[in-house]
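Asker: Got a structure for you, questions after.
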């Protein structure tokens, strides 16, 4: 029990469990004895009905759309705290992850197009390497434990959130044909209600969560990625302390173990099971997976590092306190973990064209993401000193 308590008390424990869940998913998805059970579990239908409202989704989508909204709620709370009181409190500090995210989307997309521009079909996947899987990136960072400066973790969170928002906008503009304006209208009203609650000083967290459920449902029905609702709710929950209590900090404290030890490992287990059946070296070196690998492994860190360097040289932004440019470069490599967000964009880009292209895209995403995780982790492990 003593060793178990020590493990769960360590900062790296959540990341270790997430990696174990991902490896387990890969093994089960590629084993003849367990692949059927694994896919049956993910395809299990789950129905929610409240009055006339009905949501029918399989287990995989409930995990990705509902449980991950809770994760994004926690991320929103943490980023808000740093924007208001911490390492992103000044305009120049807050601008740094925004500039980094822009570079981290533009350069990978251009690098992908350098490989695929001549092919009008694979060219449609230009946004695949522009995405970052924030959950896996933070999970890998968590493996380094307490040696990671808080400012560096917050920088990665803020960068990945902006990256995700960019990906959501790209999906809405280029890959979605059936946005529901009525649902977007309901979402806008829910956001307005959250703003009024905040301005009126309402401090009951449950009220924000209730409106957040309405917002999540509306965003889900609109065709936009529903996890966005979690970030929005997190930004509106009051942070200011009153009588020594802060609703945002209290909720953050409550959510953290649930997210680290249940939601993220379940997310990893549900999404890491990529089948390697039929994979060949010849296929891996075709323009589609090569463009994705190059975009994630080279384009992401290059774009983030280049735009950060320009921001510092032009004095548009400051480095987060307690971090170095080399650490920022390593975080840029971690942002090459595109994984689930990249797979989602690939399914939108090629789903109606050729399922075989999705398989090759998944292979490129897997190779690029794993390579980025290993290299980014190794670089940070060398650059970060263990805390005493």
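Cβ coordinates come from backbone N, Cα and C, glycine included.
Sharing the features that Swiss-Prot gives for it:
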type: TOPO_DOM; residues: 1-11; note: topological domain 'Cytoplasmic'
type: TOPO_DOM; residues: 32-58; note: topological domain 'Periplasmic'
type: TOPO_DOM; residues: 81-96; note: topological domain 'Cytoplasmic'
type: TOPO_DOM; residues: 117-122; note: topological domain 'Periplasmic'
type: TOPO_DOM; residues: 131-154; note: topological domain 'Cytoplasmic'
type: TOPO_DOM; residues: 177-180; note: topological domain 'Periplasmic'
type: TOPO_DOM; residues: 201-204; note: topological domain 'Cytoplasmic'
type: TOPO_DOM; residues: 237-253; note: topological domain 'Cytoplasmic'
type: TOPO_DOM; residues: 273-286; note: topological domain 'Periplasmic'
type: TOPO_DOM; residues: 311-339; note: topological domain 'Cytoplasmic'
type: TOPO_DOM; residues: 351-357; note: topological domain 'Periplasmic'
type: TOPO_DOM; residues: 381-388; note: topological domain 'Cytoplasmic'
type: TRANSMEM; residues: 12-31; note: transmembrane segment
type: TRANSMEM; residues: 59-80; note: transmembrane segment
type: TRANSMEM; residues: 97-116; note: transmembrane segment
type: TRANSMEM; residues: 123-130; note: transmembrane segment
type: TRANSMEM; residues: 155-176; note: transmembrane segment
type: TRANSMEM; residues: 181-200; note: transmembrane segment
type: TRANSMEM; residues: 205-222; note: transmembrane segment
type: TRANSMEM; residues: 224-236; note: transmembrane segment
type: TRANSMEM; residues: 254-272; note: transmembrane segment
type: TRANSMEM; residues: 287-310; note: transmembrane segment
type: TRANSMEM; residues: 340-350; note: transmembrane segment
type: TRANSMEM; residues: 358-380; note: transmembrane segment
Asker: Could you check if the transmembrane segment (12-31) is in contact with the transmembrane segment (205-222), meaning 3+ Cβ pairs under 8 Å among residue pairs at least 6 apart in sequence?
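Answerer: Not in contact, no.
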Asker: Please check if the transmembrane segment (155-176) comes into contact with the transmembrane segment (358-380), where contact means 3 or more CB pairs closer than 8 Å and the residues in each pair are separated by 6 or more positions.
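Answerer: No; fewer than 3 Cβ pairs under 8 Å.
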Asker: With CB pairs under 8 Å as the measure, which of the listed stretches 205-222, 287-310, 340-350, 358-380 comes out on top against the transmembrane segment (97-116)?
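Answerer: Maximum Cβ contact count belongs to 287-310.
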Asker: Can you tell me which of 123-130, 181-200, 205-222, 224-236, 287-310 gets the most C-beta pairs within less than 8 Å of the transmembrane segment (358-380)?
Answerer: 287-310
Asker: Could you pull out which residues elsewhere in the chain have a CB under 8 Å from any CB of the topological domain 'Cytoplasmic' (81-96), counting only those six or more residues past its ends?
Answerer: 150-151, 154-155, 158, 239, 248-249, 252, 308, 311, 315-322
Asker: Give residue numbers and ranges for long-range contacts of the transmembrane segment (224-236): same chain, 6 or more residues beyond its ends, CB-CB under 8 A.
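Answerer: Residues 64-66, 68-77, 79-80, 161, 164-165, 167-168, 171-172, 176, 179, 184, 187, 191, 194-195, 197-198, 208-209, 211-212, 215-216, 248, 344 contact the transmembrane segment (224-236) from elsewhere in the chain.
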Asker: Mind checking which residues of the chain, 6+ beyond the ends of the topological domain 'Periplasmic' (32-58), have their Cβ under 8 Å from one of its Cβ atoms?
Answerer: 25, 65, 217, 220, 270, 273, 275
Asker: Write out how many residues of the topological domain 'Cytoplasmic' (237-253) are helix, how many strand and how many coil, based on DSSP.
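Answerer: Counting residues per DSSP class in the topological domain 'Cytoplasmic' (237-253), I get 7 helix, 2 strand, 8 coil.
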Asker: Short question: which residues 6 or more past the ends of the topological domain 'Cytoplasmic' (131-154) have a Cβ under 8 Å from it?
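Answerer: Cβ under 8 Å, 6 or more out: 10-12, 14-16, 18-19, 22, 68, 71, 75, 78-79, 82, 86-88, 104, 160-161, 163-164, 167, 260, 264, 267-268, 300, 320-323, 327-328, 331, 334-342, 344-345, 369, 373, 376-377, 380-381, 384-387.
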